[in-house]
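Chemist: I have a structure here, written as C-alpha cells, and I will follow up with some questions on it.
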Amino acid sequence: MFLLFMLAFSAVWMPIEPLNDNKGYMSLMHDVQNLHKLNGFMNKNPNTLSKITDLLAVSTNLRNLISEQNPFRSRESFPVENVTSDVTTDTESPASTTPPPSLPVSNICINHVKGIIQGLADKQQWALRMIDAAGKPPADILGGGLIWLGDYDECLSIQAAAISINKTSYSISGQYCIASLPLKIPPTMFSPAPSVSVGLCLPDSCSDTDASNLINSVISFVSNSSTQAVVSCKHPNKPYDTRAIIVLAVIVCFLVIMVAGTIYDVIIVQLPKWQRQAMLSELNGDLVVEASEKAPLIGQNKQIIVEETSDPGIFGKILLAFSIYTNGAKILNTDQNAGSLTAINGIRFLSMSWVILGHSYIFGLSLDDNVLTFLPRMLNRITFMAIANAFVSVDTFFTLSGILLTYLIMKELKKNDGKLNWGMFYFHRFWRLTPPYMLIFMVYIALFPYIGSGPVWPEDGLEPHYCKHGWYYNLFYINNFVDDPDQSCFGWAWYLANDMQFFVISPLIILPIFHFHIAGVIVILAFLLGTWTATGIMTTHWEIPLSVFDGGVNFMKLYVKPYFRMGPFLVGMYTGYLLYRTNFKHRMSKVAAFFGWVVAAVVACLVLYGQYDDLNGNRVSQEVSSLYNAVHRTLWGACVCWVVFSCANGYG
C-alpha cells in the first residue's frame, strides 16, 4: 500500500517537468552540478519542509485510501483501461472530482495489483514484503536524499505467491521498478535536472508500459499535479543478445590463442633453453644466462651465454606474441634503460591515482543521500580543492605525451640525419593504439549490461543505441567534435581523440625546432597564443565561470576540444626538446634549482587551490574567469615539466 502513495508524495512535493533520460557518461559524472541548484531552491522556498510534513501526515491515511475507498473498484475513480468485469463499483474517491485521462493497463497486471491489496488485507507475508521492499522517504530529504531505492533483492525474492481473486487463482512474483520524478530545477551543462527516484515492487506480470501507466494513473488520481513519472523496470538474468554472444566468442578465441601461445613458449622455446642452462651449469659450475639477459657475475665464476638455437618462424612468432609467460615477464620488468625519463613513471602513477580518486567522489555524489550538507562542508575545506579541481590531472598526461613524443622523435631524427619515414610515423601510432582501443570498445558496448545488476544498474548500458550511430567517430579519433548525444559514445575517449589530434599536427613543430630552433620556438608560441586567445574569447562569450562545478551548459565544449586543451602539450614538447639537447647533463646552481622548485610549487598551488573563494561564494569577475580558464592548464603543464626536467638532470 505504501509504494503507491510514495509516488504521490514525490509528485506534489514541488513542480515537476519531464526528464530527458539520455544522460550518458559525462552527465552522470557531473550530476553534482544540479545539487547546487537544488540547494538554492530549498533556500528560496522555505515552505518546502511544511509541504513534506503535510504529505507525510496524509500518507498515514493510505490504508483507508486503498483498502476502504479502493481506487481499483471503479473505473471512474481509478482511470485505467481493460479492467476486468468482475471489479465491483463503489462511490468515487474524494481524491479527485474530475477523473483524469485514462491510461491503458493490462487485465493481468490490474488483477495482480488487486491481489497484492487483498494479500495485505489478509496479512499475507509475501504481500507485506512487496510493500516492505518499496522505497520510502528517508530522513534528511532536504540534505539531498532524493533516491529511495528500497530493497532490490527482497523484491526479487518474492516468487510465485498464490492468491485467489473471485475464485480465480493467481501466481504473483516480484518485479523491481524505479519511478523517477524530475524536479523543476534549471538544467546545467551535464544533465537536464535531478529527480526523486522511488524503488517499487510490482507484479512481474506488469510490462514496462503497464508499470508506467499504472504509476502515472495513481499519481493523477491522488494529486492535482500533472506529473509524469519515468518508470523503468529491471529484468535480471536477461539472456545474452547476439552482440554479446559474438563478443564472448571473440574473447574465447583470444584466450585459446593465449593458452596455445603460452604452451608453445614454455615447451618449445623455454624448456630446451632451461635444460641447456642446467646442463652447462652442472658441467662447468658457471653462471649461465640468456643472450639477452644482463646479469652480474657471481664471485669469480665465468658467465656462459646461451644463444638462441632456432628461429620459431612466422607461426611461432605469432603464438609467442600471445604468450602469457613472455609478455608477463616484459610487463612486470622494472629495469630502466639508459636515457629513460624515470620520473615519468611516478608521475603517471600518482596522476592516475588522482584521476581515480576524483572520479570516485564525483560518481558517488550523484547517489549520496546527504550531499547537500556534505558537499558544502567539503568545499569549505581548502584541501578539498584537490578533489574539486582534480581535472588538471588530465593535463599532466597531455604534458607527458608532449615530452615523450618530442624527446623520442628528436633522437630518431638525429640518428637518421634529420630524416624520418613520416608514413610509418602515423601508421605506427594508429596501429599501436587502435586495435586495443577498439577491442575494449567492443567488449564495453556488448558486455557492460551483463557485468553488473541492481536498482540503478543501466540494463542497456550507458550508451544510446549501443553506439550504433557513432562508433566510427571513435575509430577515426574525432569523437570529441560530436555534440549530438545520440551519436556520442565512450565519452571518456575524448582524451584519446585530443592526443591523436595533437600527434597529427606535431610535425609542424618538431621539424622546425629540430632544424631551426628559433623558428620552432616561434611556431610553439604561435600555437600557444592561439589556444590562449580562443579559450579566453569563448569563455567570455559563453560566460563560463571559474569553477567546473558551475561550468555552465557550454563547458563541455571548452573541455574536450583540442584548440582549448593544447597548452600543456605544447610546453611538454618544448621540454622534450630541451631534454634532447641537454642529454640530462644540464647544470644549474643550487640557488637556481631551489628557486625553480619554489616557483613551480607556488604556481601549481595557485592553479589547484585558486578556485576556493569562487566555489565558496566570493565570485570573481568574468575577466578573471576567462584569464584563468585560458592559461591555468598551460601553467600546470609547465610545473609538471619542471619536475621532469629537474629530476632528469639530477635536481629532483
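The backbone N, Cα and C atoms fix where each Cβ goes, glycine too.
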Chemist: Transmembrane segment per TrEMBL: which of the ranges 349-367, 634-652 is that?
Modeler: 349-367
Chemist: Cβ under 8 Å to the transmembrane segment (562-580), counting only same-chain residues 6 or more beyond its ends: which ones?
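Modeler: Sequence-remote neighbours of the transmembrane segment (562-580) are 341, 395-396, 398-408, 410-411, 414, 480, 497-498, 501-502, 506, 509-510, 513-514, 520-521, 524, 527-528, 530-532, 534-535, 538, 586, 631, 633-634, 636-638, 640-641, 644-645, 648.
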Chemist: Using a Cβ distance cut-off of under 8 Å, indicate which of 244-269, 349-367, 387-409, 521-542, 592-610 has the most pairs with the transmembrane segment (430-451).
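Modeler: Answer, by Cβ pair count: 244-269.
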Chemist: DSSP-wise, what's the residue breakdown of the domain 'Nose resistant-to-fluoxetine protein N-terminal' (106-235) into helix, strand and coil?
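Modeler: Helix/strand/coil tally for the domain 'Nose resistant-to-fluoxetine protein N-terminal' (106-235): 46 helix, 35 strand, 49 coil.
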Chemist: So what's near the transmembrane segment (521-542) in sequence-distant terms, Cβ-Cβ under 8 Å and 6+ beyond its ends?
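Modeler: Result: 508-509, 512-513, 552, 554-555, 557-558, 563-567, 570-571, 573-574, 622-623, 625-627, 629-631, 634.
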